[in-house]
Ligand SMILES: Cc1cc2nc3c(=O)[nH]c(=O)nc-3n(C[C@H](O)[C@H](O)[C@H](O)COP(=O)(O)OP(=O)(O)OC[C@H]3O[C@@H](n4cnc5c(N)ncnc54)[C@H](O)[C@@H]3O)c2cc1C
Ligand code: SF4
């Protein structure tokens, strides 16, 4: 039976700079420190507009806003096929359409699935730049979401400007340009362990407060281990969880 929580990092800076509540980064770091895994596979976008996937055993590398949610196609499955070592155990974050590739038992003791409405086409990101009179060549760092709930986009330019944009408004505008592979996608909750998302319906929108991560624990045996992480978790009912994911579920025709 699944259990449901609102969760966030106890470190206010990490919570503030992450996508929702910084739960995922803290859990990945905890997986390393506690010896559950040897390495973390994580996408980030440290410069420009090209996401890269890395494998690390350095917890500090995870705690950067460059590793917040990246709304681009990331060839995670191919990366894993080419790069993992047979004698190592990994934790990984996945989108539902990628999850089944990592449910390989003992090599992936921790698979954290991100709820997913869609991965926008690259034209969406370029459109955000165009509205700021920028081209991809102007970008030093592009962070889709960071800061106070529900997170602002932040573009840092090579000539030293920092330009914010309204993530939520940009996301809502993009909905009509869903890429074909995401149209009719009903995938959700494939991970046997943890599913995370935004508590859109549970936190007041644009509250100016710090964020929280909506958490579904599919494997209850993980709960004692999770409580040892640098995380605050508050249990919520199944009804509350459904209230938050209702619109996503309606779109995905599941649950
Ligand atoms: C493309 C996409 C669509 C999403 N759609 C929804 C949605 O419709 N509704 C909803 O409630 N939530 C959605 N999410 C999830 C949400 O954005 C947050 O990821 C989630 O709430 C966890 O927040 P956090 O603060 O705990 O994560 P953080 O602590 O900020 O950690 C984020 C982790 O995710 C990893 N990561 C970043 N981008 C990707 C990626 N593309 N693929 C795999 N791993 C990645 C990073 O390396 C990092 O380890 C989506 C995420 C993505 C990437
Ligand atoms: S909407 Fe479905 S197909 Fe599209 S990226 Fe998300 S999980 Fe994959």
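Just so you know, glycine gets a Cβ as well, placed from its N, Cα and C.
A TrEMBL annotation is a machine prediction, not a hand-curated record.
Residues annotated as domain 'Coenzyme F420 hydrogenase/dehydrogenase beta subunit N-terminal' in TrEMBL: 5-76. With helix defined as DSSP H, G or I and strand as E or B, the domain 'Coenzyme F420 hydrogenase/dehydrogenase beta subunit N-terminal' (5-76) counts 25 helix, 17 strand, 30 coil.
Summarised as a single figure, the pLDDT of the domain 'Coenzyme F420 hydrogenase/dehydrogenase beta subunit C-terminal' (88-188) averages 90. Residues or ranges marked as domain 'Coenzyme F420 hydrogenase/dehydrogenase beta subunit C-terminal' by TrEMBL: 88-188.
Each residue of the domain 'Coenzyme F420 hydrogenase/dehydrogenase beta subunit C-terminal' (88-188) gets a DSSP state, and the totals for helix, strand and coil are 37 helix, 28 strand, 36 coil.
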